[in-house]
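This report refers to the structure that appears directly beneath it.
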Amino acid sequence: MFELSVRDDFGAAHRIIGYPGKCNNLHGHNWVVEAVVCGSKLNELGMLIDFKKLKGALKEIIGELDHHYLNELEPFSTANPSAENIAAYLYHKLSQHENIKGKCHVKFVKVWETEKSAVSYCEEA
Ligand SMILES: Nc1nc2c(c(=O)[nH]1)N=C([C@H](O)[C@H](O)COP(=O)(O)OP(=O)(O)OP(=O)(O)O)CN2
Ligand SMILES: [Zn+2]
């Protein structure tokens, strides 16, 4: 089994509606996202998936969040854009991306909201 990981980041604003403290207020983060994929079948180049394709998929997905007010976006219209919900959203989007589907399994997506706090989301293979 091989495990590959890539990282990228995006900047956006959010608020945690109902939070009993300052995170209820509009504020921003530079979220750092790590995507870890795994699989055992290598292609003719000896790669599970080209890092370029993996990074491209992640960049495309986080590009839709970058410089937005997350609470106004459809995925977070009914669920607070907490680090947990952002990680789960990115996990599902990445798993469905054409660059990934059928080539490897997304093991987990990890989202750092600050340098000190991070959330990972995973599902069974
Ligand atoms: N489990 C979660 N807890 C919190 C989340 C979250 O998404 N999941 N989010 C927040 C807020 O968005 C907040 O902006 C982050 O708070 P915090 O980690 O406290 O960040 P600070 O920079 O303010 O940290 P200090 O150590 O207090 O400086 C809150 N919790
Ligand atoms: Zn926050």
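Placement of Cβ uses the backbone N, Cα and C atoms for every residue, glycine included.
A quick note: this is a predicted structure, and the numbers were derived from the prediction, not measured.
Straight from TrEMBL, the features:
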- His14, His27, His29: Zn(2+) binding site (BINDING)
- Cys23: active site, proton acceptor (ACT_SITE)
- His67: active site, charge relay system (ACT_SITE)
- Glu113: active site, charge relay system (ACT_SITE)
Would you mind reading off the Cα separation of His27 (Zn(2+) binding site) from Glu113 (active site, charge relay system), to the nearest angstrom? 12
Using His29 (Zn(2+) binding site) as the reference point, find which of the active-site residues Cys23, His67, Glu113 has the shortest Cα-to-Cα distance to it. Glu113
Within 10 Å of the residue listed as 'active site, proton acceptor' by C-alpha distance: pick out those among the recorded positions His14, His67, Glu113, and say none if nothing qualifies. His14
Other than His14, His27, His29, the chain contributes near Zn(2+) (Cβ within 8 Å of their centroid) the residues Ala12, Ala13, Arg15, Cys23, Leu26, Gly28, Leu70, Glu113
Let me know how many other Cβ atoms fall within 10 Å of the Cβ of His29 (Zn(2+) binding site). 20
One should report the C-alpha separation between His14 (Zn(2+) binding site) and Glu113 (active site, charge relay system), rounded to whole angstrom, as 11
